[in-house]
Amino acid sequence: MAEEQQNSDQSNGGNVIPTPEEVATFLHKTVEEGGWEKCWEEEITPWDQGRATPLIVHLVDTSSLPLGRALVPGCGGGHDVVAMASPERFVVGLDISESALAKANETYGSSPKAEYFSFVKEDVFTWRPTELFDLIFDYVFFCAIEPEMRPAWAKSMYELLKPDGELITLMYPITDHVGGPPYKVDVSTFEEVLVPIGFKAVSVEENPHAIPTRKGKEKLGRWKKIN
């Protein structure tokens, strides 16, 4: 059973999940030529684990996430959106790719949790919802945007959160590779854009629930909006 679980953790649809370096080399040309929509249209999505992020499953199972309204920017196939959704937590999955959201709706449209989540086609940098969020979860979104867009990302996170809201960042990939996406990150990469605008790091720790190919390359950061 342990071997089966490890194989599951390392795979996506039967394919081994590649390293950040391999993904960066593979994706650069595709994104440059056709953007993220082309990636989803042609099913070139090596970052998609095909299931909810193990850390999110753990946080849900241990009741370690804020309740209320939650947002997952760059939600892709929607796995984490559905995992987080509950009667006490309504989750919005945001993406600019119609194909990604079509896949998410196809996979989860008939889920028994369907009334507790929605998928929305919007750009997180310009979207202004009528209600703000108690929680935002970012994983493989921050590392996918161009590095010069990171201050704008931080501003959007701040503006979309309620006062005293929480931002959870699963920081990845913490490597020394060149280029992207995904672009390399570290804790200071997040601190530099979040702290000056009014976020405080509550905790930063290794992710013990990372899949084998990402062990040692991820950290969990929990941030509170303080002003």
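Any Cβ shown, glycine's included, is placed from N, Cα and C.
Small disclaimer: the values here were computed from a predicted structure and weren't measured.
So that you can see what the record holds, here are the features copied from Swiss-Prot:
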BINDING   W36, W40, W47, G74, D95, D123, V124, Y139  S-adenosyl-L-methionine binding site
MOD_RES   S86  phosphoserine
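Taking the C-alpha positions, the distance from V124 (S-adenosyl-L-methionine binding site) to S86 (phosphoserine) comes to 23 Å.
Residues within less than 8 Å, Cβ to Cβ, of G74 (S-adenosyl-L-methionine binding site) and separated from it by at least 6 positions along the same chain comprise L94, D95, V124, D138, V140, F141, A144. Separating the Cα atoms of the residue listed as 'phosphoserine' and Y139 (S-adenosyl-L-methionine binding site) is a whole-number distance of 20 Å.
Cβ neighbours of Y139 (S-adenosyl-L-methionine binding site) (same chain, under 8 Å, six or more residues apart in sequence): T53, D80, T169, L170, Y172.
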